[in-house]
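Q: My questions all concern the structure below.
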């Protein structure tokens, strides 16, 4: 049995790398640091950092902190978080991912221009909470690209000029499926010549803010992180190339769920684990009881490479022949 570790399309993305590096640096300097929410959606990595002095706090505990040092994670935060930090004299280490920061700015400016904000994303995801905060928590948030959940559409006003954006870790095909269905729905309400949606760039928004450009009433901006989405095809191919795939990610990881689904579609013998102890020997054997020839180990953008290496080493020591 050969164990193949994916080093090209697994492991921390740049945004998470920056957050972890900043946390380690602050912990080394000060010996302690608060993180507002899980620093990354990976319990194994959270435990490692907590052993170094990181303390994770929820919203209630965050509001009660005074004169402390707090880290803002890569997911970003709404304006209200920074207001509380100022009021409570908190020192903030802001590690919001640059891609997320640009998305927050886009959302804020479009809202100021009078657009109804539609977010393709998960309502409870920290990144979406931060984005929604840029538009006074008035965004219409849609998780199901096929519009199969009517509750998600209750706040949608077809009479308003609207802009569609996305949580950075959602899937590209889903975004464009949602865009097409929204176009059709708005077309039923508006005249056909007014229902065309225009793709916009940051420069277009800036021009509109200064009055140089007049934008149409229906817009969309594909804000999905390409560093994340580019992994999709690579993981698909990696899964096809191995008899069995062990996908390693935190159970809370949104990106992990998306990438695991891609692996599972490519190779039905793909298995999701968070901890090494979850691996079952029967996964690694064929129906005749013989060991499979190849096992691939891969993971999400929130999975540390050290943990992937640990899983691969465990497989080599205990199952490889």
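Each position is counted from 1, following the chain as shown.
In case you wondered, yes, glycine gets a Cβ from its N, Cα and C as well.
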Q: For the [4Fe-4S] cluster site that Swiss-Prot describes with 13, 97, which of these is also annotated: 225, 263?
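A: Answer per Swiss-Prot: 225.
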Q: Return only the integer: C-alpha distance in Å from residue 125 ((2E)-4-hydroxy-3-methylbut-2-enyl diphosphate binding site) to residue 13 ([4Fe-4S] cluster binding site).
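A: Here the two Cα atoms lie 18 Å apart.
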Q: Please give me the recorded positions out of 13, 127, 225 that lie within 10 Å of residue 75 ((2E)-4-hydroxy-3-methylbut-2-enyl diphosphate binding site), comparing Cα atoms only.
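A: Final answer, ordered: 127.
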Q: Starting from the Cβ of residue 255 ((2E)-4-hydroxy-3-methylbut-2-enyl diphosphate binding site), draw a 10 Å sphere and report how many other Cβ atoms land inside it.
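A: That number is 26.
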